[in-house]
Amino acid sequence: MIKQRTIKKEVKARGVGIHSGSVVNMTLIPAKEDHGVVFRRMDVGGKLVRAHSAFVNEVVLSTGLENQGVKVSTVEHLMSTFSALGIDNVLVELDSFEVPIMDGSSAPFIFLVQSAGIKEQDAYKKFFVIKDTIRVENGDSWAQVSKYEGFKVSLEIDFDHKKVKESGQKLSINFSKQCYLKEISRARTFGYMKDVEMMQRQNLALGASMDNAIALSDDDVLNEDGMRYQNEFVKHKILDIVGDLYLLGSNLIGHYEGYKTGHLLNNQLLSVILAKPDTWSIETFEEEGSPIQFYSEDWKNSL
């Protein structure tokens, strides 16, 4: 049977918080079976916030969690990493209210987990298996999940910007066949420089810079190093989706499809899914019959 996973040893990282602009210290700590992903805010007495849809309180520009007044913001890139590497159980210590943004992708977090090492545990890994189609809509935007033997994300974005249009706004990734590490993990968040400058005048997005995002002028990419992928914009949105879906508490087996989606619509979809327990099941799988192949340390995989 496929087993649950944690990390082999404690590992630390430091980075800037995109909201505060302050340095954030983060420590990943191995956790016991069935612990799940849990955040611990060391700056407020070690209070805990579980990484689950039930605790989502923020869906504007990023995904944030809250438990009894204690918040953890911008969790989606780290959650995307845990999903891709099959990490079920880990304690994430922070000395601030937000996960550090690093370079705006999940690649630094992938490296961090790989540096810690991945440990299989004794308990069987639980998968969230979609059995029926569930759909949510908001204006002309929509998102749905349906039954599928594996994990697949199909997305179309619609940004009225020359470079985004040129890069391709539609993509489907079958994670049973295509590698998250090579195809998705290095895709960075993006936004208009004029919007960032406006927010910073209001003391918002103080940590945002070209070191952690693709900065757009009205018609071009401002970063000197250009793009990491030809279609980096839509790939980053898929990275976000993988992270948001992991707030179900287990790796999803199903096909996510969306048009002009974001954190709000993703969270609405999770809420509807969880409210309809007859449309999904929690299952375990034999290694040979697994619909998902997770990263293994003996893979010849590099970023």
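In case you wondered, yes, glycine gets a Cβ from its N, Cα and C as well.
What you see is a predicted model, and the numbers here were worked out from it, not measured in a lab.
Annotated Zn(2+) binding site per Swiss-Prot: His77, His236, Asp240, in sequence order. Taken from Swiss-Prot, the feature active site, proton donor covers His263, and the record attributes it to sequence analysis.
Feature annotations (Swiss-Prot) mapped to structure.
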residue : record                    : DSSP class
His77   : Zn(2+) binding site       : helix
His236  : Zn(2+) binding site       : helix
His263  : active site, proton donor : helix
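Close to His263 (active site, proton donor) in the fold, though at least 6 residues off in sequence, lie Val59, Val60, Leu61, Ser62, Thr63, Glu76, Asp240, Asp244, each with a CB less than 8 Å from its CB. Within the same chain, residues at least six positions away from His77 (Zn(2+) binding site) with a Cβ under 8 Å of its Cβ are Val99, Ile101, Met102, Gly104, Ser105, Ser106, Phe109, Leu239, Asp240, Gly243. Asp240 (Zn(2+) binding site): 24 other CB atoms within 10 A of its CB, across all protein chains. Long-range Cβ contacts of His236 (Zn(2+) binding site) within its own chain (separation 6+, distance under 8 Å): Ser105, Ala187, Arg188, Thr189, Phe190. Other residues of the chain with a Cβ within 8 Å of the Cβ centroid of His77, His236, Asp240, the Zn(2+) site, are Glu76, Ser80, Gly104, Ser105, Ser106, Ala187, Thr189, Lys237, Ile238, Leu239, Gly243.
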